[in-house]
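J.: According to TrEMBL, the protein has these features:
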- B:38-264: domain 'ABC transmembrane type-2' (DOMAIN)
- B:35-64: transmembrane segment (TRANSMEM)
- B:70-93: transmembrane segment (TRANSMEM)
- B:130-146: transmembrane segment (TRANSMEM)
- B:152-173: transmembrane segment (TRANSMEM)
- B:185-204: transmembrane segment (TRANSMEM)
- B:240-261: transmembrane segment (TRANSMEM)
Amino acid sequence: MTARLQEQQAAGEEGAGTALALRGVVKRFGDITAVDHVDLIVPQGICLGLLGPNGAGKSTTMRMITGQAHLDAGSIEVLGHPVPAHSKHARAEMGVVPQLDNLDVELTARQNLEVFAHLYRVPRARRRDAVDRALRMAHLVDRADTKTDELSGGMRRRLLVARSLVHSPRFVLLDEPTVGLDPQVRQELWSLVDALRHEGVSVLMSTHYIEEAERLADEVAVMSRGRIIARGTPAGLRDAHVGREAVEYYGSPDRLGEVETIAVEGGLPTRRTGPSVSVLRAEHMPESTAALLGAGARRASNLEDVFVSLTGETVE
Amino acid sequence: MTTQTTEPFAGSPRWFELAAFTGVWKRETTLFRRYWVSTTFAAVVEPVIYLLAFGFGLGSLIAVMNGIPYIEFLGTGVVATSVLFTSAFSGMFQTFVRRKFQATYDAMLAAPVDVHELVTAEAGWIATKAGVYGCAPLVVAMFFGLDPAPGMLVVPLVGFLTGLGFGLFGIWCSAVVPSIDSFNYIISAVITPLFLVAGTFFPVDQLPGWAGAAAVINPLYHCVQLVRHAAFGFEPLLDVLHVGVLILFAVGMWLIAVRYMRKRLID
């Protein structure tokens with residue numbers, strides 16, 4: 001074992017190798033339990049995708065991590081700082097990209113970053129450099145002096161990310177970073193998040209876009225109705241829950257119903273994919289079943305298959 | 001990225017940190033550089049209109065009020081109106097818009113800033129503006145014949161202290177109202193009587209007993225008294241009492257404003 005690895009392991013045992021630890025976290029709003037005994041560990045240096053449908057409790061979890069929502073039970077540690085007791089330490093060392101754009105529209109891109117350089121206590125001597133660096137990362141150097149409400153949607157989103165990086169945080173929270181964005185803009189943002197990951201910044205990113213989690217996340221935690229119901233690498237989750245391949249069959253509603261019956265008799269799970277039925281675990285499809293089903297479109301299975309299978313929205 | 005690291009926070013977090021305050025103020029001063037012309041215009045033109053309308057209109061009927069030329073009585077009184085409007089309206093509308101529509105406070109609270117620091121910094125800025133712009137009517141009144149007096153140097157401080165209380169009052173209101181239209185109730189039922197029954201336009205001892213008594217618990221009345229005394233001669237014992245009331249008002253409002261803002265901002 002190399003010295004460095006030993007060092008990392010020792011650090012891990014002390015909890016210093018953990019960017020985020022949630023243990024038994026509960027949050028209730030009246031009778032509704034929004035977050036229901038969530039355990040979630042994010043090791044340092046990885047991007048963890050928190051995947052779940054709207055209303056699964058992702059944003060509430062994010063707000064508890066920043067101390068903007070109280071815990072009803074459990075504990076949270078961010079970079080070793082207990083939250084909410086030392087929430088301010090935690091906030092000083094992490095960056096937060098909110099779901100809703102809350103930039104100051106009356107300020108320029110640079111002024112927005114300057115305000116947060118102050119709030120994040122970047123020392124005076126380094127403030128200008130920090131702002132310039134954040135502008136470079138977000139490719140906004142040419143727009144530094146443009147008022148925020150004159151920036152395009154994509155630029156604003158990049159500025160929002162830049163604002164969370166102005167103090168060089170070791171851990172960044174991204175709450176639905178690309179919700180409602182054009183595909184082109186989404187690509188830009190993805191490369192920005194990817195760049196962060198390559199610099200060793202730990203990331204917790206909530207999303208309900210499966211493709212986003214598939215592309216960016218080293219690991220995925222699936223959240224549904226306030227609980228974490230699965231955790232693993234995208235490939236690992238795929239293998240464990242839906243197999244490697246799926247075959248899609250199109251046809252009339254009657255035909256789709258028939259496909260489902262045949263597949264289930266052959267011991268294979270299915271799910272509706274819009275106008276088609278996807279038969280999962282297709283690599284294990286018996287010859288007889290394949291013969292009965294006829295021609296279909298074979299494809300690799302994806303996280304969406306996992307997600308729908310797990311969150312129980314499959315039409316059986 | 002690798003050349004810089006996050007500044008480690010030394011020790012346990014303090015209850016109130018200057019950095020949070022300067023961060024919020026950085027934003028305010030940056031915004032103010034854009035707004036100062038319109039703000040200054042309103043601050044100067046409004047008292048001019050008051051003094052012209054009431055001074056010449058009412059002043060032609062009343063030459064002297066409580067032994068002071070009416071226009072000077074009015075000029076010193078309008079300082080309080082100016083302070084009230086600057087601070088209470090900023091506290092109500094700005095705070096509401098920033099919390100609800102712009103989500104500015106959500107963004108700030110995700111950074112190392114706590115609600116009590118945010119409220120203090122915002123109220124401090126509002127009070128500073130109120131202190132500075134509160135002097136405008138005094139300056140305008142000088143053009144109408146008010147003699148400068150050394151005591152007037154404390155007027156910005158009186159404006160600051162009064163503005164702090166009413167700014168916090170506005171912030172509290174912004175956290176209570178369900179929608180921005182609800183401010184109409186507060187303006188009609190609270191702000192208007194406050195500024196009319198404060199000794200601004202006429203002395204409160206002209207009022208029936210109960211209304212006079214009500215005026216005494218109106219913080220604005222104490223501001224009016226302090227400003228008049230600053231212009232025409234202090235009454236030390238009484239003035240300490242006036243300052244005391246304003247301090248009490250500001251402290252009380254701070255406690256309530258922080259409490260309600262926390263309720264609104266932290267789930």
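Every residue gets a Cβ built from N, Cα and C, even glycine.
Those TrEMBL annotations? Automatic predictions, nothing curated.
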J.: Can you work out which residues elsewhere in the same chain, 6+ from the ends of the transmembrane segment (B:185-204), have a Cβ less than 8 Å from its Cβ atoms?
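T.: Contacts with the transmembrane segment (B:185-204): 54, 58, 65-66, 74, 77-78, 80-81, 84-85, 88, 92, 173, 177, 211-212, 214-216, 218, 220-221, 223-225.
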J.: Based on Cβ pairs under 8 Å, which of the stretches B:35-64, B:130-146, B:152-173, B:240-261 lies most in contact with the transmembrane segment (B:70-93)?
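T.: Counting Cβ pairs under 8 Å, the winner is B:130-146.
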J.: Who are the long-range neighbours of the transmembrane segment (B:152-173) in its own chain, taking Cβ under 8 Å and residues 6 or more past its ends?
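T.: Same-chain contacts beyond the flanks: 79-80, 82-84, 86-93, 95, 119, 122-124, 126-135, 138, 183, 186, 219-220, 222-223, 226-227, 230-231, 243, 246-247, 249-250, 253-254, 256-257, 260-261.
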